[in-house]
């Protein structure tokens, strides 16, 4: 299972089609992957497990999200003012 | 790109735009045929000395001029819906680029691998080199690999803008706080121009879009060079 994910991460070209977000508005796609990355990190690190599968979510949100949004959200997470639940 | 005295669309540079162009030709031909027929009938009616005061109704002609328009509408609807669904198909992009609208320039971000981002300002008229196009050229072009499906995510950092490139058949509104997805394939290498298509302030007419489609190798060289410069 882990090597399937590793393969996917290694052969990453760009964010693939996500059936949860089939329409023009991809805002939620970007935000969801950003949330999922941080939640995955938090969940796996709290159990002391290797967080490298979480890299997938990071690659996807980096592909989809504008850099300014990511910087803003990273700043908010540091401040503690991030509106999403992680 | 557009040229003086142009009547039709710009030459298509993507498969979707080709389809749109052919459909437009098809629909326009139907419209012209109907208009010619109606104009002919009007002039014929107006210029005849014959009269007929005794026709009350005619089932046959009523049937014809009900069924025939229905058939014509179906002949228009079928290709139209075909293209609509074609444009909506799930594609598998090779590359994702973000086009962010600002007052008054576009910025492009290529973040699949590294964080490559740059601004694209219009070249002022007094700085144009001979042969360059007024109000259309930019200092940095959005370079894409040719014949590759490209996903463009359009958004804005301040007010509404719209990212449009007619020869690729693409127009997508740039809304602050929203990420709008569109996609295209550049069928041939070339330089394709567009302009901001949503009023956005004083310099709305002066923030053009230039997409340059190049072979994949050239794209890879360009992106390495851009990353070094950054």
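We number each residue from 1, going along the chain as drawn.
Glycine is no exception: its Cβ is also placed from the backbone N, Cα and C atoms.
Here TrEMBL flags B:1-91 as domain 'Cytochrome oxidase subunit II transmembrane region profile'.
Per TrEMBL, transmembrane segment is recorded for B:27-51 (among others).
Sequence annotations record features per position, and here TrEMBL assigns transmembrane segment to B:63-85 (among others).
Feature annotation from TrEMBL assigns domain 'Cytochrome oxidase subunit II copper A binding' to B:92-225.
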Close approaches to the transmembrane segment (B:63-85) from elsewhere in its chain (Cβ under 8 angstroms; 6 or more beyond its ends):
16, 19-20, 23, 26-27, 30, 34
Over the span of the domain 'Cytochrome oxidase subunit II copper A binding' (B:92-225), how high is the average pLDDT in this prediction?
97
